[in-house]
Amino acid sequence: MADINDPVLAKPADLCCLKGDFHRGEPTGSIIQIEGVDTYVAKPDPKFTNGNVLLFFPDAFGLHINSKLMMDAYAACGYLTLGVDYFLGDAVTKYSASPLNDPNFDLAAWSAKHLLPSEEIAREWVKNIKAKYGNDGKVKFGCIGYCWGARIVLQQLSDGGICSAGAIAHPSFVNESHVQKSKAPVAFSVPATDKLFSNEARTRVIEICTEKQQRFNMQVFSHVGHGFASRTRLTDPYELWAKEQHFKGFIEWLDFWLARE
């Protein structure tokens, strides 16, 4: 039952979260274990590293090919990029290709199973990441979240989080309290029409961030659907352009804020 005192802004994951394409390519990163949790590590070229760490919180497909290729792309822009398997091997890719191909898969039940545990896994993972990669005090952390990862980005931009700036694409499972508690600069990249994140919800996010004078930016793309940034239909030139613009915008946002003293 919804909490009337904490209105939903981005609705729970739905079948629209399972649409889109799997991309092709050869990931260049590697999987390591951080205190028992699979972690994808994409390293920047030492000649171009900016010395900062980017935490990647994936959509329901977890550490699948699309996520790995995106993390490699962020690493190519200078960030040591780390992605967490907060589904512990039970991501949607275990049951579904694109489009959904397992008629017995119950997305609502799967989401209920993982919603709170994934938050706790992410919280402990971040603590371990900071201990491993941030102890010298010189490293700055940023974060990126797609769909499922949106609220975890907002948590990391709140008191108790470690990130100086973050970015979110086509969110799900976000309540007003997640936005209210966030403090660090945040960027959004969203479709103009999204059944999970309505125009009214977008407007409310803008109102909240404006009222509390939080630094924010919001890209809104027409004629794309939920998932356009992470499961882009590469045969659609406009959708591919929107994906590239979202990526460029996120990099410029992170570069600006993580360069600040």
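In case you wondered, yes, glycine gets a Cβ from its N, Cα and C as well.
According to Swiss-Prot:
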type	residues	note
ACT_SITE	C147	active site
ACT_SITE	D194	active site
ACT_SITE	H226	active site
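Counting other Cβ atoms within 10 Å of each Cβ, the active-site residues C147, D194, H226 show the lowest value at D194.
For the pair H226 (active site) and D194 (active site), the Cα-Cα distance reads 6 Å. According to DSSP, D194 (active site) is assigned to coil rather than to any helix or strand. Classification of C147 (active site) by DSSP places it within a helix.
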